[in-house]
Amino acid sequence: MLLAPALLLAWCPAASAHARAQTQAQAPEPAADSEASPADNEAALDDPALEEAQRLFSEGANKFETADYAGAIELWTAAYGLVPSAPEYSVIKAKLIANLSAAHERAYAVDEQVDHLNQAKILLESYRASIDTIYTAEEADERDHELAWVAERLTKINAELQAVADAKAAAQQTQVEPEPEPEPEPEPERKPGRGLVIGGSVLTSLGVAGLGVMAGGMVIGGQNNDVTDLPTNDLDARGARFSQGRLGNALAIAGGVGGGVLLVTGVALLVVGLNKKRSAGADTPPGVTLAPNFDRTQVGVSLVGRF
């Protein structure tokens, strides 16, 4: 049973197209110099290499018919190597090439290894190149039929190779790209001079508190440095009052020095910070102002900053 025109599933006679053409053109009795003489054919049958090639070919045909295409490829390749390269064996070698091509096509249908398609294409192109040498002029119809079969097979193989290439390209395009790392959230916009304003406000408040300590110390010192109302012989009372006076004086000095330094520094920071905010065009116009501050017990001014 032939699966396709080119496939050889039974061993064919060892005769080239040239030998068959000569045989057809000569008289019924073979000439002595005929390439396909009975003596030549009998010698061919006695060739151990050809006998082994025929055995391997038959085993490969069984493998092919039972869908063991890898086994058929192996056996037919070995058989091809045993067939002599003489012209009279060109038909057998060409048909083995066609068989190997078909086996590779079938193997691709089983394991989808693209190498099978590439090898099938190369083998078919090799077989197509030898078709003219295995058919005589009188066999033109068979030759044309064979060429059409090869062209059909090559078209199918090329289409399958293109489909494989397209699928590979599509798979590469649809590969999931790694998600980009999220961009860090932008830091909140820092208002120019805000830190200076806050620091200046704190230092100014501490400075004012220091001046308050100074005022309290001065009051304590002034009240306790006067001992005229105490008896001159009451040394303990006088000593206690002097001690309180010295404490008040110390508080006044410490509060005055510390409070003054803190107040000056705080005001300076406030002015610089507020000026920076003004230069940056802050929404709320900054400023430093003095406001009157008085109640029933005191009269003064307050330093007011907007930030």
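Keep in mind that glycine also has a Cβ here, set from the backbone N, Cα and C atoms.
Annotations in TrEMBL come from automatic prediction, not curation.
According to TrEMBL, the protein has these features:
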- 1-17: signal peptide (SIGNAL)
- 21-42: region 'Disordered' (REGION)
- 168-195: region 'Disordered' (REGION)
- 168-177: compositional bias 'Low complexity' (COMPBIAS)
- 250-272: transmembrane segment (TRANSMEM)
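Residues of the same chain lying 6 or more positions beyond the ends of the transmembrane segment (250-272) and with a Cβ under 8 Å from any Cβ of it are 193, 196-197, 199-218, 220-221, 288, 303, 305. For the compositional bias 'Low complexity' (168-177), the DSSP counts in helix, strand and coil order read 6 helix, 0 strand, 4 coil.
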